[in-house]
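Listed in Swiss-Prot for this protein:
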- Asp9, Asp10, Ser40, Asn93: divalent metal cation binding site (BINDING)
Amino acid sequence: MLRILLSNDDGITAPGIQTLAAALREFAQVQIVAPDRNRSGSSNALTLDSALRITTLSNGDIAVQQGTPTDCVYLGVNALMRPRPDIVVSGINAGPNLGDDVIYSGTVAAAMEGRHLGFPALAVSLNGQQHYATAAAVTCRILRALQHKPLRTGKILNINIPDLPLSEIKGIRVTRCGSRHPAEQVFCQQDPRGQDLYWIGPPGEKFDVAEDTDFAAVEQGYVSITPLQVDLTAYGAQDVVENWLASMAD
């Protein structure tokens, strides 16, 4: 039976992870190791300055107290799930992780940690907060396909699903990340003692929404699958930097 380590960044009680766990348990052994609270936007943060405590729920799910998604996958793989998983799955996130959003996403980071530790990994996000059953069904279909024929790319699959009934999903597209304009908004308030409080504003407006992007696919009713990689090296820029350094020596 397929062994799945399941995590997220919305917290262990979030409807996305619970809906997905129920669907996956129809054909796989699932161990949830997830934050005890919402840790959205935590990216790849790893807790190094304090100890981590866990709470094991009556059904065997494990909540990591004040843990990040990366903490959860690290602990799940290296300490809490035995035997180790066959694959790491993160989600279902309440809201999309498209374009530049993947930089900040705890959902994507959990999958990234799984891949970094040597396991196949999926990040799953719903473009809304209604049709979690659709996202769960799509995820199960993809996992069954991977079980039948493993995808040997060494990449993370970042999956974004339109917030639609399953019957209205048009298909699946392999995409690249689109991009947004830089975010600029900060909201400032004052507390009753006159101290300034700052709230980070919404993401920037979409910029690159070409037909081959994740933005376009989801907007048009398609599931978007974008392969992502742990290696952030910009290989195409190496010669440019070499030439720049050489010119400095002249």
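Backbone N, Cα and C define each Cβ position, glycine as well.
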Ser40, Asn93 as binding-site residues, winner by CB count within 10 A: Asn93
Nonlocal neighbours by CB distance (under 8 Å) for Asp10 (divalent metal cation binding site), same chain, sequence gap 6 or more: Gly16, Ile17, Asn38, Arg39, Ser40, Asn93, Ala94, Thr107
Where Asn93 (divalent metal cation binding site) falls in three-state DSSP terms: strand
Asp9, Asp10, Ser40, Asn93 excluded, remaining Cβ within 8 Å of their centroid (divalent metal cation): Asn8, Gly11, Ala14, Gly16, Asn38, Arg39, Pro69, Ala94, Gly95, Ser105, Gly106, Thr107
Count of other CB atoms lying within 10 Å of the CB belonging to Asp9 (divalent metal cation binding site): 32
